[in-house]
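First comes the structure, then the notes that go with it.
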Amino acid sequence: MEVYLMVRIMLVGCNGKMGRIITHCSKDFNDIEIVAGVDKSSTSNLDFPVFENIHSSSVECDVVLDFSRPSSLKSLISYCTEKKLPLVLCTTGYSKEELNLIEETSKNIPIFKSANMSIGINVINSLLKDISKKLYKDFDIEIIEKHHNQKVDSPSGTALLLADTIKDNVPEKLEYIYGRSGHSKRTKNEIGIHAIRGGSIVGDHDVIFAGIGECIEIKHTAISREVFAIGALKASAFMKGKPSGMYNMDCMLNS
């Protein structure tokens, strides 16, 4: 049996904007190789074979990395379950049913899921676990996210990730308010989440703790999409050989 030191990745969504960036960034990793791609159009000038359907692939790999759309989920899960392969999900906008399917499938194969593959965002997310406990009583919490005008889901998966982290780490029940309109007064136990779409903004997230006489802002700005590509490639390398279960950026950063 051959032992491969390289991490061989099958990239789903390889012809998309992020897929192209991941392919470019992979050349800077000595231990990673993209050996095949999957995309709705198999026409490309990439250095590896591209298949329109993942089940058509005859190329062996160690990890399947998905940067496509939620509609691809069922075929990816079917393929990875059959091949016993780790699945790295970088797509956002999943329905509750799809999230339940991911959770259930992780009992049989290793699945890595993160709403944002940036290491910086995930460090901030980790900090929020402690900060929220100390500030929630005396500070109003608002989250503002900004993205390019081509992003279809809102609020962003990252904004929800940050909000969920705050909500899960305070004893009181917090409600999400998406945008604000009308004349109702802000209640105490809520997190305001606001989405802005315009131009070519890569990704901007601002968590605001507004108190009496002071305001704390924790902000992350993605300057280039390469930050997401690098995180996705590192996550793929991390997942090689992992046992079944759910994994996220915290697992990787703390390993």
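The backbone N, Cα and C atoms fix where each Cβ goes, glycine too.
What Swiss-Prot records for Gly13, Cys14, Asn15, Gly16, Lys17, Met18, Cys90, Thr91, Thr92, Ser114, Ala115, Asn116, Met117 is NAD(+) binding site. Feature annotation from Swiss-Prot assigns active site, proton donor/acceptor to His147; the stated evidence is sequence analysis. What Swiss-Prot lists as (S)-2,3,4,5-tetrahydrodipicolinate binding site is His148, Gly157, Thr158, and the listing cites sequence analysis. Residues or ranges marked as active site, proton donor by Swiss-Prot: Lys151.
For His148 ((S)-2,3,4,5-tetrahydrodipicolinate binding site), the Cβ neighbour count at a 10 Å cut-off comes to 14, with all displayed protein chains included. Listed in sequence order, the residues Thr92, Ala115, Asn116, Glu145, His147, Lys151, Asp153, Ser156, Ala159, Gly203 complete the 8 Å Cβ shell around the (S)-2,3,4,5-tetrahydrodipicolinate site centroid, once His148, Gly157, Thr158 themselves are left out. Taking a C-beta cut-off of under 8 angstroms and a sequence separation of 6 or more, Asn15 (NAD(+) binding site) has the following same-chain neighbours: Gly37, Asp39, Lys40, Ser41, Ser44, Leu46, Val50. Cβ neighbour counts within 10 Å, taken over all protein chains shown, single out His147 as the most crowded of the active-site residues His147, Lys151. According to DSSP, Ala115 (NAD(+) binding site) is assigned to coil rather than to any helix or strand. Separation of the C-alpha atoms of the residue listed as 'active site, proton donor' and Lys17 (NAD(+) binding site): 12 Å, rounded to the nearest whole number. Here the residue listed as 'active site, proton donor/acceptor' is positioned 14 angstrom away from Ala115 (NAD(+) binding site), judged by their C-alpha atoms.
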